Structures are given as structure tokens and as C-alpha cells.
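Read the structure below first, then the notes.
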């Protein structure tokens, strides 16, 4: 299924199209283009069951208990008791630690010959820590709630037991789907699909993928033929479960929820609840992996896992949150020098494989067009692109030995892109968790090495306190000013003289400010402290352009500051 495409470096980029929308809906559409109707929650079902129980008790005790207020209080009390009992039942009964590891050798794990042959073909012999702690209990049929660092080998940890189960049960296409893997993004789903294809090279079982943006009819045809191992994004999976005739899922024996916190973060909580209700739960093994254990993740674990799951956490609180082979640093840079420093860095590292993270789709679009226009070839990846474009870009960069990818956080979670040398956080991350996931695109695997560089303005240095609290070690890097290419005048002249680039720069500038104003860490990222003249220069403007920013009170402060700076 590998796809490739040539990088386009055309001289006349088209104007950017701005499609304003509400924040939550925008983030959700970035990962799925279809939506699904909401259905009643588990709580409503529970209330119905409690009603039945109450009526039975009322018949036994007489009319005195049938007072409406008494009935309401009784239902509320029983509902609370039931939820507490359910939480207690699904509370992990044990936590795996390093002593639980029996072997770190795949050949000693009791795997089938077809799986061992595939693992050998992939070049693996030893398990990572998360694999050694997860695979044996999953092979034994336990439910697992896992927390692991990015780049720890989690994908193999859940795919190997799933494939072994299909093999041992001798699944055939006519049996339909036996394992469902749910992933938050299309790119991550494609990556898991690629790993599954390698692992199942010597197995007879079938595998497939359903994701938003792909051809739904072709997906339905494959499902009707029988897909034993199915990788999916939430919205498209729910669509097929509800609407595809001939999709056999009554034999599902295992459910894997990968990056559960991210799935919930981008707005798929209701879809996941519906998926779990639709899939058969009798004797179903479940595996849930999440980088963070939020209340919503705990609720999802409660309804998806059987009582007493095994909790696996491969990192203690005292350990660094990022992998050992990663060299991390930051540079303090005024806003007007940010692009000049980035341009100089990329020019000096054209033989490296680099990922640059930006805060918005329009910023990625503008800087992609600009860099390609000035003959610094880059690929770009963001949520407003069509799925085929995103897929082509992803695989092209994966297969490249050198090159530059500029992207939004759509590429920050879970993606296993080989041999990335540098991670550049040109626009700062929202919080330490996002920082960790971004840098996790390099130094992957047991012996992986890589470097990361984060750009900070002087007013953003407070973010370092949060990283220190999260056990993230950083060093300050310094770049001599005489080593930075001073191309500001050429940049300004180019933006003035090219209508399409000017419009794209304006859209990028607007979306940068809006993204900045929406940061969660308001004490660090204070939009009132931004020097808009300097910010505008980084986009190629002499003076800040007039832009409409729909962020309420923050938008007003921007306009006032804009006018004040113009008078100065």
C-alpha cells in the first residue's frame, strides 16, 4: 500500500483559503471528515435498569415508596452506588514492574512460527521494555491498561498478541472481524496497518483499514469479504458498524484502543461509547493505551475493560519523560528573527531529515509555499489537506533518507517515521505533553538517537519550568548573529511583489495570532506581550496587516495594541 509522490516546488502558489470554524469542530474535522449521530449514553441505559429494579422493590414494599420524590432519591442513590461498584470492579488489580519480565527474547515468548519469521524479517530479536511487560499477559488473555513513552515499541506490543489470537482460533475471511484496533488519526492508522502487514506476511488471516477520507464503498466491499484484523479511525468505524450490510463483527474477540487520550481530546468520546456498545463484549479481550490517565480515559477504561485489568507503566515518576537517545535544546529568539534563524538552520542541514512543527494549518501552508518558492524544497502536512495528499506526503517522507517536513500536530502523535535527525518546534507546544509527543518523532526504538530544538521568545521562557516539572532535560543553544542569514529585506520585497504569497502570509499571520491566543498556559503565552511589529516581520511584512481574529476580548486587545504600535 506504499504510496509516493514528487515534491512540488511551483513558482506561483495559490492563495490560501480560510475556513473559519469553531475550535472543537475544527480539531475534530482535522482527523475525520465524516460525523456520526449521537446515541443515548451508558448512564441512560443504567437508569432504565434502575427503574426496573425500583418497580420490583415498590411492588414488595407497597405504595408508600412510590412517592415521586422518594423514587427520584432512591434512583440517584442506587445509581451512585452502582457507579462506585463498577469503578471498584474495573480498578487495576496489579501493576506490572520490571521484575515481571520473564524474557525479552521473542523466540522464548511462545509465539507461532509465522509470527517469529515475520519478526525476524523485520530485524527484531529483543523486546523493548513495554513489549516484554505487555505481550506475555496479553497472550494469557488479560486485559491491559497501558502507559508508555512515545517511541517505546507499543504497536508491536498489542499487534503481536492480537495476531497470535487470530492464528490460534484459525480465523478465516468467512468468520469476519476478530480484532479491531482504533486509532485517533488517519496517519497513525496507516502506520499501524503497515506494521500489521509486515507481521502478517506469513499468516493466512486477512487485514484491512477503514479511515475517514478514503473510499467508503471500497472499504465496505472489503469488509463484506471478511477482514480478520481491522485498523480504523473512530468516525469511519462507527459508520461501518451502523450502516454496512454484510460487515460481520459478531466474532470480535479483541479490541485495542490506541492513544485513548488523544481520541477523547479531539472529540470522539460519544463515538467510542457507541462503538463499545455495538461490539460484542462476551469474552472480549481489551487493551487500552494512553499517554495520560485523565478522568475521561478512566471512564473509557471502565466501560471497555473487564474487571481487574493489568496496569502497565514503563516509566516511573523519577525517570525522564523522553527517551535517553534524544538530545534536547532550546534557543531564545526575538519574534522578528525567528524565520531568519529557521531559514539559516534548514539551509545548513539540507542533508538531514527534519520535521518542523507549526501551530496552524495556514502557517504550514504559507511557510511551505515560501520555502519552496525560494528553492528550499519542503513537504507539508496539515489537517486541511485531502486524505490522498496527506497519505502521499506521509509515505514520501517516511521513505526519504533526507528532507524537510513542515506540519501541524497532526504528525505529533504515534507516527513512526524512520531516521529523523532533528525535531524543530518553530511554534511552541501547548503544554509539556505536546512537547514530549513532538520530540517523540525522533530517537525511536531501543537504540534510537536524535536531536530537538525549540524556539522560544524571551516572554515564553516560563515554559521551561513546566518542562522541568515534567522531567524533561533541556540545554540552551546559542546561534551567533553573524551566522544567521539576513534576508529580511529580500523577504519583505518578495511578499510585497507576489500577490498570492502576500495573501498566504496574511492568512498565516492571522492564524498564528489566533492559535497563540488559544494556548492553555495563559501565564506563559500572553498575547498582550507579543510585539506585533516583530511578529509581522517574521511573516515578511513591514507593518502588521489588518486581520480579523474571532477570539473575543483577546481580539480587542490585539486591535488596540496594533494601533498603538502603528502610532509609535
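Each residue, glycine too, has its Cβ placed from N, Cα and C.
Straight from Swiss-Prot, the features:
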- 148, 149, 150, 151, 152, 153, 154, 155: ATP binding site (BINDING)
- 30-91: coiled coil (COILED)
- 22-32: compositional bias 'Basic and acidic residues' (COMPBIAS)
- 63-72: compositional bias 'Basic and acidic residues' (COMPBIAS)
- 79-100: compositional bias 'Basic and acidic residues' (COMPBIAS)
- 135-311: domain 'Helicase ATP-binding' (DOMAIN)
- 325-495: domain 'Helicase C-terminal' (DOMAIN)
- 1-100: region 'Disordered' (REGION)
- 258-261: motif 'DEAD box' (MOTIF)
- 337-353: motif 'Bipartite nuclear localization signal' (MOTIF)
Same chain, outside the motif 'Bipartite nuclear localization signal' (337-353) by at least 6, Cβ under 8 Å from its Cβ: which residues?
-> 331, 367, 371, 376, 378, 400-404, 419-422, 424, 426, 453, 455, 457, 479, 483-488, 491, 538-539
Around residue 155 (ATP binding site), how many other CB atoms lie within 10 A of its CB?
-> 23
Going by DSSP, give the three-state secondary structure for residue 155 (ATP binding site).
-> helix
The motif 'Bipartite nuclear localization signal' (337-353) [mean pLDDT, rounded to integer] | 94
Enter the number of other CB atoms within 10 angstroms of the CB of residue 152 (ATP binding site).
-> 23
Going by C-beta under 8 A and a gap of 6 or more residues, the same-chain neighbours of residue 154 (ATP binding site) are 130, 134, 146, 148, 258, 289
